[in-house]
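K.L.:
Can you read through this structure? Questions will come right after.
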Number of protein chains: 2
Amino acid sequence: MAKVTDLVKRVLVGRALRSGQLHEQLLPKRIALPVFASDALSSVAYAPQEILVILSLAGVSFYHYSPWVAMAVVVVMLTVVASYRQNVHAYPSGGGDYEVATVNLGRNAGLTVASALMVDYVLTVAVSVANGVDYVGATIPYVAQHKPTVAIVIVVLLTVVNLRGIRESGVAFAVPTYAFMIAVLGMVGWGAFKYLALGEELRAPTADYEIIAEQTNLTSFAAAFLILRAFSSGCAALTGVEAISNGVPAFRKPKSRNAATTLLMMGLVSVTMFGGIISLGLVSGVKVSEHPAQDVLIDGQLAGPGYYQQPIISQVADAVFGGGSLLFVIISVVTALILFLAANTAFNGFPVLGSILAQDRFLPRQLHTRGDRLAFSNGIGILAAAACLLLWGFQADVSKLLNLYIVGVFVSFTLSQTGMVLHWTRHLKTETDPRVRFQMQRSRVINAFGAVMTGVVLVVVLLTKFMVGAWIVCLAMPVLFLMMKGIRRHYDNVAKELQLDDDYDPAMLPSRTHAIVLVSKVHKPTMRALAYARAARPSVLEAVTVNSEGTNELSAEWDRLGIPVPLKTLDSPYREITQPILDYVKNLRKRSPRDVVAVYIPEYVVGHWWEHLLHNQSALRLKARLLFKPGVMVISVPWQLHSSDRLRGRREPFAPGAVRRAPKP
Amino acid sequence: MAKVTDLVKRVLVGRALRSGQLHEQLLPKRIALPVFASDALSSVAYAPQEILVILSLAGVSFYHYSPWVAMAVVVVMLTVVASYRQNVHAYPSGGGDYEVATVNLGRNAGLTVASALMVDYVLTVAVSVANGVDYVGATIPYVAQHKPTVAIVIVVLLTVVNLRGIRESGVAFAVPTYAFMIAVLGMVGWGAFKYLALGEELRAPTADYEIIAEQTNLTSFAAAFLILRAFSSGCAALTGVEAISNGVPAFRKPKSRNAATTLLMMGLVSVTMFGGIISLGLVSGVKVSEHPAQDVLIDGQLAGPGYYQQPIISQVADAVFGGGSLLFVIISVVTALILFLAANTAFNGFPVLGSILAQDRFLPRQLHTRGDRLAFSNGIGILAAAACLLLWGFQADVSKLLNLYIVGVFVSFTLSQTGMVLHWTRHLKTETDPRVRFQMQRSRVINAFGAVMTGVVLVVVLLTKFMVGAWIVCLAMPVLFLMMKGIRRHYDNVAKELQLDDDYDPAMLPSRTHAIVLVSKVHKPTMRALAYARAARPSVLEAVTVNSEGTNELSAEWDRLGIPVPLKTLDSPYREITQPILDYVKNLRKRSPRDVVAVYIPEYVVGHWWEHLLHNQSALRLKARLLFKPGVMVISVPWQLHSSDRLRGRREPFAPGAVRRAPKP
């Protein structure tokens, strides 16, 4: 039985690892790019499509606005990249937006960013997995028909993998990320060559379809609103851009400079892919709709609920390489892979954020210890549960999930960039070197531009998305914010309560130690507890037992062995064990309040979970009750049963996300 | 928040009670009868009906066998009552069938009885509640339409009531039990008077219905088999007869004699009600079927799934007093009440049996402590869950549930009576007083007759019921049996492992105590731990902290306060807390293996469950790991936070089932 559970645990959660196995290395740029960019790059799998999806609400004719919308997104993207290049130089510690906001705008701004980031991590998982399933569905119809279930299964798999603590390596990130970059850039290049140089026609599988406009005869205001909404959705391309700013310590030296270069490379690749995909999509006549079942017409017929809408990269791949061709399949697969990889980065990022917040006492202290795997397990569980909830609630519909996504991202962008402006202003007050001052002023202008632009986008996102889902995020963020404030207040109150009095005198000691050893039987654990208690030479030492059926034999055995400690029997009219002992201890305390009472409890140490059900229960409960009595200390004297041997050597396995963090200096 | 959960807990589970509130009194016969008889008496609510239900499989014509079947059941009933009167005299300790079987037939027989009884308790709850819902449904159609759901709701209510720990009193049992006896005996008497003396016709609501026989043209073998099956089902009337034999200590003196008299009274009342109900049922033309929807014809039409079959006592009440009359409603209500009361007795009996088995180390030791409420909570939870599973699985169908019920009862009867025969035989070997010898021989004959008869019934029940459900019980019993054997083996192995060596010398002590106090900050809890450690005057004392960001300030503060204990800083390259301390302790042990290492851990005691999430987590994990190291004792020095005050005064509430148990002498 125990063997089986142990086996299951090994398979699911992995062999316990020794911490010596943990290597942390600094990353060269060519590895850092894939390690930190999978999240940002993967968003080109859904962002271009979403622009078309929203525009199609007013009919395919609105697609002609899409180049302008895309261009606006590219401008915002380049602005944000430029802004974060300043962050990376100013804050090489890797604290990221939370640190920047806290340092420059105060604790509340920092907590706002933290709430936004937590919500974001959940949505990164939900959106990436849902979209990944779309791409898997492009080649496997069964997956397309069971999207929510498959998505949740994948989240569960990611959870298990992360609880196992995969050995991370740069290669594990590099292979799928570079594969995705090569595949998509190759497809864009070949498609452009075919279309522009060879003059071939590209035809997406949906090129002949029509879309029924849900909104017709729009006023110019409504049309503008719709275009802004499309822009908001397109801004999903920016998610993940900030990742590098959290990872500066993991770069090789010169850290900030290498990080900034990597950020720029990532921005350029991302913009190229984004622009390329949407251009080829338009050229090949891709038609995508928010409600394909009701709005898409195939040969004049409604598509109906059986219709599966292929995602944009698959459609473009179909147009460029032909549907069902090997290259089509490869492109769909690597796109799905990078999306799952992006989801996986949230599994690392979320617990790391939790550990930073716990360090500042906004989350339970136990989440702080970075080497502590359990902290990560909790974080991973919470993240996975929340993502599954969203996936189920929104039936893994990427368009709907995206309505929630971008609020958090832009809250964090805006506050971070505003903080950077204050950062430069503060440093300019003391800096005198004109060259440095010039650089700082330039950085300040870039960050100010970034702050204004991301702020405007945030307002646009809030206006266009609030009713269709963003309200959920607007509700969740304050809840998280208040929870963290509450936890901090609790810790502060406790710290105040625990502070030493001004007249504290370290020479003050309890006058005597009155030790009692709890005895139920004469056996090795009892004798060990007794021996330890005697070795500690307390002022008074007695063995105590509660009167029950075996008490007479116990006394006889006690005398026979000649144990040089008096055995006291407590009466228990109601056959209880706990209460008589508590009462006895209370009386001891009453008689001599300046003494400390030391209660020795023999405890069994067992090796199987089910053995816990069979041992120690009364000891544990008694201990829990004794701790409420002031002036008492409780001493566990363990007896290791043979079965405990199997657990003795185990060490804490290492925590995931290690490759993104530098070792402690 | 905590207030709310506290309130919810108060409402659902009840205010924590002081054990002084627990009164246990000895019972006079007039109170003992209702306290112990509700289970046995309530079975007349379903047993007579089941005889007719099974016979009707061959058509209503087979109803003419029912008086003979009923008479056979009455004979078995009186035999069992006579047998148990012997048990009560021979075993006044209240151990019941489990004790009788264990003492006379050995451990395996005892465990077989115990498994049978456990299964039985579950079925008592399931059958009684399902049948109670039938009777409620007789007046409230909504209940009849949602039987399984209502039944599960009632089990949940009983669970909550029993977890709350109702103050039990004889009156609580007496009122519904006497009301049921008066109501049913009154109805039987009035019905008999009307029919025999006044010559009035009694007509049940189903008198004009017809029943399609499912089995026609039966061979004589098949007919006999069906009649035996009806007899098996009728034997459900015997369930609960053994209850008094478990409760002898709760009777007034002379205990055994009073218990035997009460048992006889109960048997006679039960037989009268059983015979009366089935007679009036036959006279008034009651028609009941196992599958009423398919087999009952109303005016030649199939009754169909909408048809609700009234239970037999309601039908007889209808015939005697008129449908919908006040007396009809009263009779249905008191019948439902006594059935729920019978279910409730299982909620007391199951944990008591568990406590007896735990005392013999066949179940986890923690279930033993009788005053211990938690033990009962576990038992109650398991019982309720199993009963709900059965109710759901069998859709609260009494006929189907009864197929599982009687196996366990008769296994226990047969083994107990066989054990009694051996008991008398053993005593006869040494007894010389001829008067006593005569009584013993008489008892032995009675028990032998009981053993043979219940054995035959058991075989009949197994033969006729195995395929239709009894196999589930035949599977569950060995599983429980093996589980209990396994637990006992584990305890025996541990006891052997813990036995003192023959050359044990109580003078052997560890040479020195090396104490370390874990320090993370300089605050009151740390200083208290340090003070206690110093008061214990160990051979070596040092304060130990793990290197982290705040370590420098800690050292400075330490020196400033002039704390007369050296502070040692352990290095932690991987930002862990646990491992460096474990390694340090391991080194200490290696350097001087004959010393004992005492690790003092300051612990916070908190008052709200959520505070546990915020404190102590690393302390608890460290403690759990330290216990695996031999030669280490772990000392918790509690610091009571203000919030813990609210829990300090709480005591264990008392356990349910108290009225059935005498206080400890």
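In case you wondered, yes, glycine gets a Cβ from its N, Cα and C as well.
Checked TrEMBL, it gives:
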- B:65-84: transmembrane segment (TRANSMEM)
- B:105-129: transmembrane segment (TRANSMEM)
- B:149-166: transmembrane segment (TRANSMEM)
- B:178-198: transmembrane segment (TRANSMEM)
- B:218-241: transmembrane segment (TRANSMEM)
- B:262-283: transmembrane segment (TRANSMEM)
- B:326-353: transmembrane segment (TRANSMEM)
- B:374-392: transmembrane segment (TRANSMEM)
- B:404-424: transmembrane segment (TRANSMEM)
- B:445-463: transmembrane segment (TRANSMEM)
- B:469-487: transmembrane segment (TRANSMEM)
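Help me picture these features in the structure, burial and contacts included.
P.N.:
Remote same-chain residues near the transmembrane segment (B:178-198) are listed as 34, 41-42, 44, 269, 272-273, 276-277, 279-280, 283-284, 313, 316-317, 319-321, 327, 330-331, 334-335, 337-338 (criterion: CB distance under 8 Å, separation of at least six residues from the stretch ends).
Within its own chain, the transmembrane segment (B:218-241) is flanked in space by residues 37-44, 46-48, 50-55, 57-58, 62, 65-66, 68-70, 72-73, 76-77, 80-81, 84, 120, 124, 127, 263, 266-267, 270, 274, 342, 345, 399, 402-403, 405-406, 409-410, 413, 457, 460-461, 463-465, which lie at least six positions past its ends and keep a Cβ under 8 Å from the stretch.
Counting residues 6+ beyond its ends, the transmembrane segment (B:326-353) has Cβ neighbours under 8 Å at 38-39, 41-43, 45, 98, 114, 117-118, 121-122, 124-125, 128-129, 131-133, 135-136, 138-139, 154-155, 158-159, 161-162, 173, 176-177, 179-180, 183-184, 187, 240, 243, 246, 311, 313-314, 317-318, 320, 367, 375-376, 378-380, 382-384, 655-657, 660-661 in the same chain.
Same-chain residues lying 6 or more positions outside the transmembrane segment (B:445-463) and placing a CB less than 8 Å from one of its CB atoms are 75-76, 79-80, 82-83, 85-87, 228, 231-232, 235, 406-407, 410-411, 413-414, 417-418, 420-421, 423-424, 470, 474.
Beyond the transmembrane segment (B:469-487), the same-chain residues lying 6 or more positions past its ends with a Cβ under 8 Å from any Cβ of the stretch are 111-112, 114-116, 118-119, 123, 357, 361-364, 400-401, 403-404, 407-408, 411, 461-462.
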K.L.:
Which residues of the chain, 6 or more past the ends of the transmembrane segment (B:65-84), have a CB below 8 A from one of its CBs?
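P.N.:
Sequence-distant neighbours of the transmembrane segment (B:65-84): 47-48, 51-52, 55, 227, 230-231, 234-235, 237-238, 241-242, 244-245, 263-264, 266-267, 270-271, 274-275, 278-279, 282, 413, 417, 420, 446-447, 449-451, 453-454, 457.
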